[in-house]
Amino acid sequence: MLFYSFVWSVLAASVALAKTHKLNYTASWVTANPDGLHEKRMIGFNGEWPLPDIHVEKGDRVELYLTNGFQDNTATSLHFHGLFQNTSLGNQLQMDGPSMVTQCPIVPGQTYLYNFTVPEQVGTFWYHAHMGAQYGDGMRGAFIIHDPEEPFEYDHERVITLSDHYHENYKTVTKEFLSRYNPTGAEPIPQNILFNNTMNVTLDFTPGETYLFRFLNVGLFVSQYIILEDHEMSIVEVDGVYVKPNFTDSIYLSAGQRMSVLIKAKDKMPTRNYAMMQIMDETMLDVVPPELQLNQTIQMRYGHSLPEARALNIEDCDLDRATNDFYLEPLIERDLLAHYDHQIVMDVRMVNLGDGVKYAFFNNITYVTPKVPTLTTLLTSGKLASDPRIYGDNINAQLLKHNDIIEVVLNNYDSGRHPFHLHGHNFQIVQKSPGFHVDEAYDESEQDEMTVPYNESAPLQPFPERPMVRDTVVLEPSGHVVLRFRADNPGVWYFHCHVDWHLQQGLASVFIEAPVLLQEREKLNENYLDICKAADIPVVGNAAGHSNDWFDLKGLPRQPEPLPKGFTTEGYLALIISTIIGVWGLYSIAQYGIGEVIPNDEKVYHTLREILAENEIEVSRG
């Protein structure tokens, strides 16, 4: 009896100390110039950009009111990346944020309340729009959960966001990307990289003091390196998980990943300042335009009068030294989940469909948004919630039993890197292959031969006794990764590539975990129902919006039909470029009859010919 009295007194004290953070934000377009080179519309809160970082403590409550203040037809939603929204601790899945997965989009004029507690997590997280590629236009910020009992000491704390930056609006870039005129699926090349939403940054250091740097890659696409000149970092936290200190001078962060490091300043005043390098992962870019700056130098300044650090070149840096997260170990020892109850094998592919667009696939299925949020379908379907048919055949629904150990195997039949993020859980990384054939040039038709899929009977490396735990992991080119987690958080959890261009291509799945138990814990609240009605989205029904017959999927959005047999990406490219050349020819004839020949005509022609030659396609000038 005394024990229970003690427990309840501790809980009561925790509740008494917890704070409630009431935040009111209106999202709208604001004009900004993050890189100093190009003014554009960014997404601000309350008329300001960058968005504020949110700092809370473990056990605090957040009440964030998000109002859609866009004056156009832009809808939005907000996700708190890495937060479990654990329903067993009183939170609601309706607070997770991905549009048409766990909520309806917030249309202009509507307000949605994100109301949750953060009782069991600490560390570095972030919040961002989860609709289209919106957060690339700045709708993002750090979300830091401070721990009164941090297992390390430091004198100063700095939150550092890394991101790629596009000069064009995300809607324009997405439209050009998902187009038959981009049949190779080449990802949009950013125009710059940002360090804390800007460039040309100087960081002040005091001799003898220790700094906690919380690095977050909040970009849409490109992974980034951070490299220190003549300084060392001690990695102490990854994706909200404390790790045993690991010393390095270089780290690697994909989109969505976070890493906290301790940096010890020089003991005595040095004779010069030093460099911190921020470098794009060039291997993720199909082409590198000559005007693209792949890196920038951040000054680590000890004194205003000291000589500045020289700008380092990428050639000066050994990128292979970046820490491999597979070999990190959680500070709180967690043994390997030694077996699995349910295995999900997902083959990642990029394929053109009949509309000429290149889509991303898990097991030959590309994610297509349903007419009703998946959470709505689950919570209004009664006993049918455990039947995968009601969720449609284009969201890659995976039904998981409560407390089962789940193994997810990802095989990469693509030549690019993919950072995968799971909502609602961390996972153990039990196998992670290197990339294969990264520097080789080979035809797309040879990809299956180049890929090294996971062989359960002959894993490439021993299973770690205490695997690294995080929520976002990089799948290497032509390689594989194996993840395990316990399905102990009932919900509708999005699993997707955090290269947002790949998410727009459909590289996503939905893990529907313990649906009957979730029905017992959660009901759709009035605010949820109101924003759905405002968006003209049904508040009951299957993926197609039908509730009279739950297995009637008539009208469900589906992926386009496949290309005709034998019609390749190269063939499509030849058709498009030949058409362009033909149109160019007709245009030139018309121009010749009415005025001077356009000076750049010959340049356009030769550029198109070069593209054809690179793809080994022959087209006569005609």
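Glycine is no exception: its Cβ is also placed from the backbone N, Cα and C atoms.
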#### Entry: Among H418, H421, H423 - the residue Swiss-Prot places in the same Cu cation 4 site as C497, H502
H418
#### Entry: Additional site residue, H38, H55, H128, H130 [criterion: listed by Swiss-Prot with H423, H496 for Cu cation 3]
H130
### Query
Which of these, H498, H546, does Swiss-Prot list as part of the Cu cation 2 site with H81, H128?
H498
### Task
Please list residues from the chain of N200 (N-linked glycosylation site) whose Cβ is under 8 angstroms from its Cβ, counting only those at least six apart in sequence.
G36, Q296
### Task
Give the sequence-ordered set of same-chain residues, not counting H130, H423, H496, with Cβ within 8 Å of the centre of the Cβ atoms defining the Cu cation 3 site.
H79, D96, G97, P98, V101, H421, Y494, F495, L503, A508
### Cβ neighbour count within 10 Å of N364 (N-linked glycosylation site)
11
### Message
I'd like to confirm something. Which of the recorded positions, N196, N246, N295, H418, has a Cα closest to the Cα of H496 (Cu cation 3 binding site)?
### Response
H418
## Note on the structure
Among the binding-site residues listed as H418, H423, C497, the Cα nearest the Cα of N86 (N-linked glycosylation site) belongs to H423
### Summary
Near Cu cation 4: residues not in H418, C497, H502 with Cβ within 8 Å of the site Cβ centroid are V348, A360, G416, P419, F420, L475, H496, H498, V499, L503, L507
### Task
Determine how many residues of the domain 'Plastocyanin-like 2' (192-301) DSSP places in helix, in strand and in coil.
3 helix, 60 strand, 47 coil
